[in-house]
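Worksheet: the structure to be examined is printed underneath.
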Amino acid sequence: MGNTIRIGTRRSQLALWQAEHVAELLRQKGLQAELVAIETKGDKILDRSLSKIGSKGVFTEELEAMLRSGEVHIAVHSAKDVPSALPNDLELIAFSERESAYDVLVSRNTTLSLQKPLRVGTSSTRRRALIRRYYPHWEVVEVRGNLQTRLRKMDEGLCDALLLAYAGVHRMGYDPFIVHRFDIEQFTPAVGQGSLAIEAHKELAPALRRAVVEAVNHPLTAACLLAERAFLARLQGGCSVPVFGHAFYKDGQMKLLGGVMSLDGKQAIQDSIMVHETPEAAGRQLAERLLQAGAGDILKEIKAQL
Ligand SMILES: NCc1[nH]cc(CCC(=O)O)c1CC(=O)O
């Protein structure tokens, strides 16, 4: 191929780690790769909660423009940050092998008791709702920004602990500050959590596209992500809505968990499905089941509140 594959990425340390991870996977296949890092709208807006910015894709728009102009061949995203509906001319061509998808509680105080009242920082409505439901004695503090910024805010006293994705905490080397790991069945992660999505223009040269898929795509993870994203697409939940979905393999069989929760955590509709047909069909089917059980009313109420 000869040419260097240019990889578009955000500029946060986590995004750079992730893009470098993809570059490394490409290099292991004998390809050349370099990063092109930019600052996105989502990185700049730190004073408003993400749920209030409204449109999804605040982390992806600028990278998508670079895919269209040809400045980069592929863009690396946290799969969780990619909206379920993509622009018509772009597609996700690969999903990396998923890191453990669960959420963790991070604190400098490693003897923290979860039974005590705590001020816990998050900016995710999913995590806020889950805290309200399962840890009602905690106070939720809005803490935004990249991981380093959030940790600094915690150190400045804004909160006692942060609720975060293990994947990011681990990639940044903050494992020593993990004080609790949440159960996936109870504290179900956001769709895509822990995996990286590779986005490309539909007209990317076929040989290049094939090489990237070959080097980066992890078929079992990709199958899970297809189920989760079909589930999310049917419910039209973005990162601003407490919708959660997580697929995994157990004994060679895929299982998809999914649910919707009201912002105050009081109403929850959740269910699971064993995936026998295509992952997409199972994702849609689980979403239909939740809608029949009343998830639509919860979603409508949430959208009116935001
Ligand atoms: N929306 C922020 C975001 N997007 C991806 C990750 C973590 C890495 C991952 O889920 O792969 C995070 C931080 C967090 O939720 O704690």
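A Cβ is built for glycine as well, from the same backbone N, Cα and C atoms used for every other residue.
On a predicted model such as this, the values are computed, not experimentally measured, just so you know.
What TrEMBL lists as domain 'Porphobilinogen deaminase N-terminal' is 5-203. Annotation comment: TrEMBL describes 223-292 as domain 'Porphobilinogen deaminase C-terminal'. Here TrEMBL flags Cys239 as S-(dipyrrolylmethanemethyl)cysteine.
As a summary of secondary structure, the domain 'Porphobilinogen deaminase C-terminal' (223-292) carries 27 helix, 25 strand, 18 coil according to DSSP. Across the domain 'Porphobilinogen deaminase N-terminal' (5-203), the prediction's mean pLDDT works out to 93.
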